Each structure stands twice: as C-alpha cells, then as structure tokens.
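As given in TrEMBL:
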- N7, E388: Mg(2+) binding site (BINDING)
- K14, H213, L214, G215, N216, G217, D287, M288, R289, G335, I336, G337, E338, N339: ATP binding site (BINDING)
- R97: substrate binding site (BINDING)
- D154: active site, proton donor/acceptor (ACT_SITE)
- H185: site 'Transition state stabilizer' (SITE)
- R246: site 'Transition state stabilizer' (SITE)
Amino acid sequence: MNILVINAGSSSLKSSLFQVVEGKVDATPLWQAQVDFTYRPEETLIQTRRRGGGWVSFPSIPPQAGINGLAPLFQSLWQGEEALLPGAKAIDAIGHRVVHGGSLYQRPTQISPIVEQTIEQLIPLAPAHNPAALEGIRLLGHLAPGIPQVAVFDTAFHQQMPAAAALYPLPYAWAEQGIRRYGFHGINHEYCARRAAELLNRPLSELRLITCHLGNGCSLAAIRGGKSVDTTMGYTPLEGLMMGSRSGSVDPGILIHQLRQGMSVEELDRILNRESGLKGVSGLSSDMRTVLEAMEAGHKRAELAFDLFIHRLRSQIGSMLMNLDRLDALVFSGGIGENSAPVRAATCADLGFLGIQIDPVLNAGSPRNCDISTFDAAVRVLVISAQEDWAIATACQAVLQGE
Ligand code: ADP
C-alpha cells in the first residue's frame, strides 16, 4: 500500500510518499518534496528527495501559480522514465493535513463532496490554511481520480475537551455561532502522546501528559488518558503562548484601544500575527536560533524576548497542570522543543518541587525520542521529534481499514 501525504500551508507545502510494510506505515518515506512559495518574488523553491538520497531541485514555477502549478511535481511520481510508481493508480490513498475541521470533525475523515464543502465553509476560521488544503485536495482529485482522499484535521484531537475548557466567558449566543476554543497542532499533540506511552512503556490510557509543540507556532496540550482536556490555542492559532511572530494571548483591551486610535483591522491582524512574538520583542527575527545567538552576544532585547517566551511558557504549563490530577511526563516537540537545549533548560529550571528535573548532560546532547530527566525525577521529561506526515499517513491507513 502506498500513501501520499500532502501538508499544504499558506506559503509552503510538504509532501511525502509512504509505503505500508507488514501492516505499518514505514517511517522513512519513499519520496519527499518541499516547496517554498516565498523563496524569491518570481521563483518557488521546489526540492525532492528519494529514500537514501539527498535533496535535489525540481524545476521551479512562478509563485502565483500556487498549488495548482505543482501538477508536474506530483505527476513526476508516476510519469516519465524515472517514475517511482507505475501509474497514479499505484497510490492507494492520499492524506491531507487540514488545519480547521470546526466542531464537526472529531477524527480523520474520507473526503466526499460534503466534506470538501465543509472545509470550504470553514475558510473564515482558517483563512491562511484551509484554502491551501482545498487546492491540494482538488488538484489531486483531478490528477489521480478515483483514489480515496482523507482529511486529517489539526483541530480534531481537541474536539472532546470539556465545555469549561472549550468555551469563552462571552455571551453564550456567540458560542452558538461557533465562537469557541478549537485548539490546533492536534496531529502532533496526539502523536507525541502515543510516542510518549511507547517510550515510557506504559499504557496511554493511564498517562497524564503535557505536550509542548514549540515551532514557529507554539501550543500546549494537557492530555489525560490519551484525550486532550485543555490546550492553549483557541478560536484561532493566535491564542496562548508567545510564538515566533504571533503575540499569543494579550489583553483584548489593548486591541480595542488600538482600534479606537484608528488602527485598521488589517493592520492589527498583521501586527498580531506577523510582527509580534519573538520578532516583535527582539526587533530581530522570529527565528529562535537568531534570538539565542543575539542573546549570547549580549543583545538586550533578544534576552528580553527569550525571557518573555519562557515566562509565558512556564505560566501556561502551570495552567495545563491544573487540568490533570498528576503529571507523568512533560514532552518537548517542534523545531524549538526538539532542538533548543537552552529553552528546555530554562523551562524546567527550579521545578524540582513539581518533580521535574532534567539531566543537563542528556539535555545538551541533541536528544531525540528519549527521556532527559534525572534518573530519580518523579516526572519524566521527553524530547519527541514531530512526525506530522507519518502521523497523517497512519491516520489515513486507519480510515481506509475502517478503524
Ligand atoms: P513550523 O512550526 O513552521 O513547522 P518548526 O517546527 O520547524 O516550524 O520550528 C521552527 C522553529 O524552530 C524556529 O523558531 C527555529 O528557530 C527553531 N529551531 C530550529 N532549530 C533550532 C535550534 N537548533 N535551536 C533553537 N531553535 C531552533
């Protein structure tokens, strides 16, 4: 069985082709592609890689062509002398990451015209992401007709959160209009929970976890027995933690003030999403690596940005903790969570009173899918590499097998 995964974002796209071997999706894809639509104003960066090989460039397309312009990229899988597959029909399923599934979808779902229509109706809730997913679904429906397509939603994992965690203290009529907390990054939070159970060699049903997805976007989930009971992102991916260029939660009174001062809604949207967070505070970059380097060189605002990031992360870990009756493990994932020893060290500093204590040597040693806590700490601290595409392929396989 071959499963093609498409993870289409607002300005980039990642795709992987997986093989199912002995009933399990092989973790190493047969083929991968990454597309950056913002590479140059007139040029898209497209790279592909086959199992065992390095990244090679694929002929560029103008960025304006968008996802539709990627038809030759996907067709190269089954057309031409170098094709990996004998034809499009050799693909058994196509899995798409869909950021917003609203309240309707609690699990991965095979795409039908109705599902497609719903993803379209949810565009106002995810204006930067759902349109890209739809374009991918439509393109592959056209290029590989008749192959089942599956939507794997980033919101689905959080759909069973208790009402107290899912609603805002706003007029109830707003909740009835769909203004409630959806949460995001569910594909990775769920994957981290399962992987944590494997690493700890304990059943997921008995674990209490806090998963920290720290990438360009950052969010936490409190997970009880494999179910998300609270998360930091809400109606949109703007709520919660401080992020690369997003503010995370701020006093809504500030927004009212800025609107009263004459700031346009578009400008406010841009500032909160693109000019805040690490970038806004440091004045340098949304990239944690740049902030850390500048901090080491004595840049005061980079230090302030780092301190704010950690302060908010620790505060919200505390808030997640209050939804659990104990904590078995704290999980770090995402580009920052997986790679930044200073972030993990600062997050866990002086938390011995909670049973959290990391081993500085293990933490500094580029940990991957392992436990970095001291041998006698009550709470395990794990570093887990995000494997979003593999998780999507696995969800896709489960849907096809009717699980
Ligand atoms: P996305 O959320 O777009 O998938 P990633 O999960 O790749 O992004 O995370 C990107 C973030 O990870 C950036 O802030 C980047 O600086 C950070 N990052 C990557 N490697 C390191 C590192 N070695 N140290 C600190 N931060 C890192």
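Cβ atoms here come from the backbone N, Cα and C positions, even for glycine.
Caution: TrEMBL annotation is automatic and unverified by curators.
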Field: In sequence order, those recorded positions of N7, D154, R246 whose CB lies under 6 Å from ligand 1
entry: none
- request: Specify the nearest of the binding-site residues K14, D287, R289 to E388 (Mg(2+) binding site), where nearness means the distance between Cα atoms.
  value: K14
Query: So how many other Cβ atoms are close to R289 (ATP binding site), meaning within 10 Å of its Cβ?
result: 12
- prompt: Which of the recorded positions N7, R97, D154, H185, R246 has its Cα nearest to the Cα of K14 (ATP binding site)?
  reply: N7
- prompt: If you draw a 10 Å sphere on the Cβ of D287 (ATP binding site), how many other Cβ atoms land inside?
  reply: 17
Task: Based on DSSP, name the secondary structure state of D287 (ATP binding site): helix, strand or coil.
output: coil
Query: Widest Cα span across the ATP binders K14, H213, L214, G215, N216, G217, D287, M288, R289, G335, I336, G337, E338, N339, in Å?
result: 22
Inter-residue Cα distance where the pair is D287 (ATP binding site) and N7 (Mg(2+) binding site), in Å: 21
- prompt: On a count of neighbouring CB atoms within 10 A, which of the recorded positions D154, E338, E388 is highest?
  reply: D154
Field: Secondary structure at E388 (Mg(2+) binding site), reduced by DSSP to three states
entry: helix
- request: State which of the following recorded positions has the fewest other Cβ atoms within 10 Å around its Cβ: K14, R97, H185, R246.
  value: K14
Task: Look at the binding-site residues N7, N216 and tell me which residue has the greatest number of other C-beta atoms within 10 angstroms of its C-beta.
output: N7
Query: Looking at the recorded positions R97, D154, H185, R246, whose Cα is closest in space to that of E338 (ATP binding site)?
result: H185
Task: Work out the three-state DSSP category of I336 (ATP binding site).
output: helix
- prompt: Counting distance between Cα atoms, which of the recorded positions D154, H185, R246 is nearest R289 (ATP binding site)?
  reply: R246
